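A.B. asks: Attaching a single structure in structure tokens format; questions to follow.
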Amino acid sequence: MWWPMLWAFPVLLCLCSSQALGQESGACPDVKIVGLGAQDKVAVIQSCPSFPGPPGPKGEPGSPAGRGERGLQGSPGKMGPPGSKGEPGTMGPPGVKGEKGERGTASPLGQKELGDALCRRGPRSCKDLLTRGIFLTGWYTIYLPDCRPLTVLCDMDVDGGGWTVFQRRVDGSINFYRDWDSYKRGFGNLGTEFWLGNDYLHLLTANGNQELRVDLREFQGQTSFAKYSSFQVSGEQEKYKLTLGQFLEGTAGDSLTKHNNMAFSTHDQDNDTNGGKNCAALFHGAWWYHDCHQSNLNGRYLPGSHESYADGINWLSGRGHRYSYKVAEMKIRAS
């Protein structure tokens, strides 16, 4: 019984030695089958791994997993550029009408009574405003003898102030070559050039004495003036005739006295004394012309010296008939 086992022992020992030897040399031993008898045992000696075989076929996809829980909200991203403005929406329906308010209390003075009170107590001239403490040059409301309000430019700076300006030329922005009706009613721009109106001139000068001042400024900046003791304009029925007082003083000299007692003329109404010629049309203005003029302050706005004769803003005793002034103002003040 022991003999087969004793015989097998050397064989196994030999195989183990061979295996060890094969591992040292790097070769893989073969698989050996030991014992073929019925009572013999089979011993398998493991060899070295060989090269991997080819990959097997792809398996079927597995069933999808369930949806995971929602993650935490991330931080907001950078704001994009603003979009274009949308179209305006349709107008909504009107709101509910409010309740009627309480009736106001009656005024102690009616419209007529209030106007009469203002007329009685209101200023009649720029000189009147000056005596009431108004010292700034500007536009103010005064009241005519018939109680109508009138907005006028008050010069509170020149020669003691209190002057009501009725003619102003400063930049040529207003056309002064106008018809009779325009000069009757007045025209111009409150901020630049204007003619107050012959009807208003008549009302302002009809009662009480008004002195006249003419202020002139050249394009080079030199200034001059002329002053007269009185100035009055008749009504339209007398063609707005000029009644002028004595020349008092002035660096511009006297170029208006020759026009005393003359009617006003425009290009469509010739009231001068120049025979068959219309001085207003001839010299492109409107004035108290005789045959024709020594002054023409409503003439064309020309840039200083000019070649044309006597059709600019001229004052003969100042710069002559061929020089047109940059600025001309005519103003009256109660004396």
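Yeah, the Cβs are placed from backbone N, Cα and C, and that goes for glycine too.
Sharing the record's features from Swiss-Prot:
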type: DISULFID; residues: CYS119-CYS147; note: disulfide bond
type: DISULFID; residues: CYS126-CYS154; note: disulfide bond
type: DISULFID; residues: CYS279-CYS292; note: disulfide bond
type: DOMAIN; residues: 50-88; note: domain 'Collagen-like'
type: DOMAIN; residues: 117-335; note: domain 'Fibrinogen C-terminal'
type: REGION; residues: 163-251; note: region 'B domain'
type: SITE; residues: TYR309; note: site 'Mediates specificity for sialic acids'
A.B. asks: Taking every residue in the region 'B domain' (163-251), what is their average pLDDT?
C.D. replies: 98
A.B. asks: For the C-alpha pair, I'd like the distance in angstrom between CYS126 (disulfide bond) and CYS119 (disulfide bond), rounded off.
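C.D. replies: CYS126 (disulfide bond) and CYS119 (disulfide bond) have their Cα atoms 15 Å apart.
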A.B. asks: Compare the Cα of CYS292 (disulfide bond) against each of the recorded positions CYS119, CYS147, CYS154, TYR309 and report the nearest.
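C.D. replies: Comparing Cα positions, the closest of these recorded positions turns out to be TYR309.
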A.B. asks: Within 10 Å of the Cβ of CYS147 (disulfide bond), how many other Cβ atoms are there?
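C.D. replies: The answer is 12 other Cβ atoms.
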A.B. asks: Give the residue counts of the region 'B domain' (163-251) per reduced DSSP state, in the order helix, strand, coil.
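C.D. replies: Taking the region 'B domain' (163-251) as a whole: 17 helix, 34 strand, 38 coil.
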A.B. asks: How many whole Å apart are the CA atoms of CYS119 (disulfide bond) and CYS279 (disulfide bond)?
C.D. replies: 40
A.B. asks: In the structure shown, which of the disulfide-bonded residues CYS119, CYS279 has the fewest other Cβ atoms within 10 Å?
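C.D. replies: Counting other Cβ atoms within 10 Å of each of the disulfide-bonded residues CYS119, CYS279 gives the minimum at CYS119.
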A.B. asks: Give me the long-range Cβ neighbours of TYR309 (site 'Mediates specificity for sialic acids'): same chain, 6+ apart, Cβ under 8 Å, in sequence order.
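C.D. replies: In sequence order, the residues whose Cβ lies under 8 Å from that of TYR309 (site 'Mediates specificity for sialic acids') (at least 6 apart) are HIS321, ARG322.
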